[in-house]
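Report on one structure; see the data block that follows.
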């Protein structure tokens, strides 16, 4: 299917696009677009692990300011900008090198589905977790991450039904806000997040309210409206309501299972291991969405129940019934490792199959020699 995306965000159209059009001119023509996409993703990962090293349990910013060196925040701003730029120019570069392929589209959106959670998890280190005075609670973090992922899911569910990806306004705005937040933290220190800035509200409160407002009153209604419009124009990809709603079943069940674990965990797993738990949420979600993206691109039906739901349901049942006891954290660690490994394996396999099928290399513009 021909890839089509619509971007109506004024910030993107009038400010960012002209910048990307300048940057793209310095990219050598022999570089494969997927290399740009992948480099951006690697930068996000490096940044995430760097922040994790200084702030494993999200308390560094709240306990003693200065635990995370200033250069780390500035490096975060730099890597976030680079990843944002690379993610914005990879498609343009593919068109200028005439190498746009379904593999590139899947590679881009697949890595985005994972990067989305990593951006959010890195940002939590800025505001730190609740210490009674400032910061956000781990439950707020979980809800915040879920809403961001819900937004991402909506735009791909919409594409599954309409065939068009309406780029969410939230994307460009969130990237610019992230870069500004890191620069602010680097310049003024983490203290800036710990003082009320307006009517006794903290900046973090404002960001959470903005995010929820954006999602529930802008993104989601827009998604429903676009699907409704396609229905009226008779351009919907799926004939039945069942088929149209099918991609939502697994993500919603995933969210339900995770929430049950968070709320009913005897050992309060989210408070004990917020970084591990939220990373696992991001990985599981990314894999579920990747399958939807593959189905949307190949015009096939997604399965009703994603296989991740089965081991997860077992673990959640064992945890909340008290079967796991003190091993709950260890089991979470093993589950996180297994899901991450399964996700990587899935990505590598799909990439290799597509590169063989389309007779192209993933990271090179050279043509494969026909065997």
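Placement of Cβ uses the backbone N, Cα and C atoms for every residue, glycine included.
Residues or ranges marked as transmembrane segment by TrEMBL: 26-50 (among others).
Residues or ranges marked as transmembrane segment in TrEMBL: 70-86 (among others).
Same-chain residues lying 6+ beyond the ends of the transmembrane segment (136-154) with a Cβ under 8 Å from its Cβ atoms: 58, 112-113, 116-117, 120-121, 124, 127-130, 168, 170, 174, 204, 208, 211-212, 214-215, 219-220, 223, 248, 251, 255, 262, 270-271, 274, 277-278, 281-282, 285, 289, 292. Feature annotation from TrEMBL assigns transmembrane segment to 136-154 (among others).
The transmembrane segment feature in TrEMBL is assigned to 199-220 (among others).
For the transmembrane segment (241-264), the list of distant contacts is 139, 142, 146, 149-150, 153, 156-157, 160-161, 227, 270, 277, 281, 284-285, 288-289, 291-292, 295-296, 301-306, 308-309, 312-313, 315-316, 319-320: same-chain residues at least six beyond its ends, Cβ to Cβ under 8 Å. The transmembrane segment feature in TrEMBL is assigned to 241-264 (among others).
TrEMBL lists 276-294 (among others) with the feature transmembrane segment.
Annotation comment: TrEMBL describes 306-324 (among others) as transmembrane segment. Residues 250, 253-254, 257-258, 260-261, 264-267, 269, 284, 287-288, 291, 331-332, 335, 338-339, 342 of the same chain lie 6 or more positions beyond the ends of the transmembrane segment (306-324) yet place their CB under 8 Å from a CB of it.
Residues annotated as transmembrane segment in TrEMBL: 330-348 (among others).
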List, by number or range, the same-chain residues at least 6 past the transmembrane segment (276-294) whose CB is under 8 A from its CB atoms?
106, 109-110, 113-114, 116-118, 120-121, 124, 141-142, 145-146, 149, 152-153, 156-157, 160, 247, 250-251, 254, 258, 262, 269-270, 300, 302-303, 306, 308, 312, 332-333, 335-336, 339-340, 342-343, 346-347, 350
